[in-house]
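Read through the structure below, which is laid out as structure tokens, and then see the notes.
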Amino acid sequence: MEIWLVCLGLFLRLVNVLLKPFVAFIGGPKRSTPFPEIRNEMLNIPAVDLAERIRNKELRSEDVVRAYIERIREVNPLINAVVEERFEAAIDEARKADVLIGETQPLWLIKNYPLLGVPFTVKESCALRGTPITGGSLARKGVRATLDGEAVAHLRAAGCIPLLVSNTPEYCLNWESYNHVTGRTLNPYDSRRTAGGSSGGEGALIGAGASLFGVGSDVAGSIRVPAHFNGIFGHKPTAGAISIHGHFPMSTDEKFARLLTVGPMSRYAKDLPTLLHIMAGPNAARLRLDEFVHTKDIRILYAEDMGFNLGHVPVDDDIKMALYRAVQYFKGHGLATERAEFEHMAEGMELAFSVLQSLTDVPSIFHNPDNPKASPNLALELVRCALGLSQYSLAGVMFYVIFGLKNFFTAERLETYLEQAANMRKQMIETLGTDGVFFFPTYPTAALRHYESFGHIMGVGYTMLFNALGLPATHVPLGFDRNGLPIGIQVVAAPYQDRLGLCIARELEAAFGGWRAPN
């Protein structure tokens, strides 16, 4: 256990307590009117069912796309999640899909275009041809993607229709989606609270019923934390299962591809296997998603927190109780359940940080293509941020202040933590095997108030650990806390056993209700 990390965690929590009145004031009042209800039933149909109904000519793709466009226009002024839309192009693509359906046999469509005519949204950091890919950076304003990222391309090849690109923090370096290009994304369940990050725009749109599913990316919880805060499903696949080609930012370090994953975010658990299969492209066979999984044969392991560490953010009782209820549900249906104790879990944050520190090429918000070796004056940028004069976000600068310390650990400690991480990965893989899943909090609290993320930075250890270990993890919504905010847990499996977590997610959706619209 690193004393400096414990002290940092305690200091940040203290700062958070001291600033709470200020945060509550600048966060503004709670929305006084109900969130717009979903009036068009087409918006409540899962993607796989929607595709079938469009194929069978029960619904027209153009009508579905127009319904989602109307919903986006209705709610985006309340959540500020859209970077740029492509509505006219989407309507044109929907019309072409309807024409193809009118001329083609359904069986051929199922094989070649399994989700033909179904609209979706894309995190701005995942390239969508012709749309911005700024990473929320003023220095990159005007940069547009010339090609689709590989995962986006697979979805489009399956017939899906992209509607827009959604907001992220600058360079995806925050657990709150704010930048100087698009501004701050708000949580549809409580506008005083964050939608999370870095896939916060996707989380807010999907949670608001303005998107059916979306493409997100996750380097330290960036799919699962927004999924948790917005009451939806989010899957971080096995490292390497889905190509990260076309993502910005990127690193040349091969270890970065283990930390960063691209994956689906969805309102409905039943859509996740299909989305994962399509997005994985040539890697889909390794995931064996077409194999039938008997829920009764899955073992449930669980832990309610990371263990004792003064620097950790305590897990809320409401989240612990939701986890216990999920365990008891499966125990009551005859599944084997067992509390798990993995070695070095209490040092999970250190293990995750050690993998981050071992990277040799960290993407920089200060990158200057005209002078690649130029180094910023971090102290000066912090002063500029405080005065509102910096072109960079405070979160982005603070990341490089922390990383500028560089040696979080001595070389000896770094080697020790990397070895412990490798041992923990081995232990979890052996324990979970091909029939086990691990229930664990996704984040210690429900959605934070705006500006509170710095004080809770240690909470990201709950998700970042599984990026460092390269294990698949699915966030599953499990209702609401005492304040009416969405909460849930993540279901972790061994590498390429993603289908186990997806199976459990669907069972939990049926038992606990899954996504529920904000009101």
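Glycine is no exception: its Cβ is also placed from the backbone N, Cα and C atoms.
Residues within less than 8 Å, Cβ to Cβ, of Lys123 (active site, charge relay system) and separated from it by at least 6 positions along the same chain comprise Val165, Ser166, Thr168, Ser198, Ser199, Gly201, Glu202, Gly214, Val215, Gly216, Ser217. For Lys123 (among others), the entry in TrEMBL reads active site, charge relay system.
According to TrEMBL, the active site, charge relay system annotation covers Ser198 (among others).
Under 8 Å, Cβ to Cβ, and six or more positions away along its own chain, Ser222 (active site, acyl-ester intermediate) finds Cys172, Trp175, Gly197, Ser198, Ser199, Gly216. What TrEMBL lists as active site, acyl-ester intermediate is Ser222.
Along the domain 'Amidase' (63-499), the predicted structure has mean pLDDT 95. The domain 'Amidase' annotation in TrEMBL covers 63-499.
What TrEMBL lists as signal peptide is 1-19.
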Cβ packing number for Ser198 (active site, charge relay system), 10 Å threshold = 33
